[in-house]
Amino acid sequence: MNSKTNQTAKTFGIVGFPLSHSLSPLIHNSIYKDRGIDASYLVFETPELNSKTIQEFRNSGILGLSVTIPHKEKAFLLADKADSTSTIMKASNTLLIGPDSIHAYNTDGEGAYRSILELSPESLNVGNTVILGSGGSARGIAYNLAASGKIQNLFLCSRNEMTAKEICFLISKNSNVKMEHITQDSLFSRKEEISLVIHTTPLGMKGQAPGPFLSEKFFNPNMTLFDIVYNPLETPLVKAAKKAGAKIIPGSEMLLHQAMKQFELFTGISPNASDILKTRERLSQTLTNQ
C-alpha cells in the first residue's frame, strides 16, 4: 500500500485474516467487468486492523473495504459514522473510506435474511432459531432476524459466554425478540424446539479446524441448516446435517447477497437480476471445481 492507486479507477478491497479462501474478489471484479465499471477489488490479508492501517488504505486511494474475520468488531470502532445494525450490534463488515471520515455498514444480516427468505422461509415460522457462534457475523444476523418480526425466540450457542451474553442483551434490549444464551449440552436437549440452525464460526472453513460444531444426531428432517461457511461447499457440519435429512442453505448465498449490497454501497449502482444470476453461477462453478 505504498504507492497511490490509479487515480481514474476506483479501488476497493477485502481485509481480514486469513483470506486464501475468499471469493469476494471474484464477485466484485467480475461485476465491475460485466458492467464496464473502471474499478478493481484487491486482497489485503492482515492480522491487524487499526487506525494506522486505515490511514494507509486512505493514502493508497482505497475507497471501500469488505471486512471479514477477525476484524468486524474493530471495524465498527474505527468508524466515524455507522448504520443502525453496526451501531446496535457493534460490528461492521463494510467500510467506506472518505477523505475526512469513515462510514461503517453491516450487510451480513441482510444477506443472511434474504437467503433464508428465498430458500427456507418456513423455517422462521415453525420453531425456534439458534445461532452458533458469537462473532461479528452472528451479531449482524441476529439483529436482522430480530428486526424482521418473523421470529419470537432466538437461541445463541457459543463457547465465549461473555460475548454471547452481550449479544443476547443487545437483541433483547433493542427488539421484541427474546434471545437466550444456551450451552451446547442444553441445545442438544432442546433440539426438538429448533427449526433453523445458523452456523457462524470458522469451523469447517478451508484451512481451519474441520468441526463439526454439532453431530448428525442433533439434526432431523424438520430442520434447516444454514452454514455461512462457503468454502468448501460442503463442510463437515453440512454433511452431518444432510445425512440426517435436514434442509441446507449454502453459505454461498449469504456471500452473494451481502456482496451485492456492498457493491451498491461501493459504486452507488443497484445490482440487477442479471448481476445476481451471473454471480451465483460463478460461485457455484468455482466451488464445485475446487
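All residue numbers here begin at 1 and follow the chain in the order shown.
Cβ atoms are placed via backbone N, Cα and C, with glycine included.
Per Swiss-Prot, NADP(+) is bound by GLY133, SER134, GLY135, GLY136, SER137, ILE228; the candidate from GLY111, GLY204, GLY207, GLY251 named for the same site is GLY251. Cross-referencing THR46, THR68, THR201 with the shikimate binding residues that Swiss-Prot gives (SER22, LEU23, SER24, ASN93, ASP108, TYR230) picks out THR68. For the shikimate site listed in the record, the two most distant Cα atoms among SER22, LEU23, SER24, THR68, ASN93, ASP108, TYR230 lie 17 Å apart. Pairwise Cα distances among GLY133, SER134, GLY135, GLY136, SER137, ILE228, GLY251, the recorded NADP(+)-binding residues, top out at 17 Å.
Secondary structure from DSSP puts ILE228 (NADP(+) binding site) in coil.
GLY251 (NADP(+) binding site) and SER24 (shikimate binding site) are 13 Å apart (CA-CA, integer value). In the structure as shown, the Cβ atom of TYR230 (shikimate binding site) sits within 10 Å of 21 other Cβ atoms.
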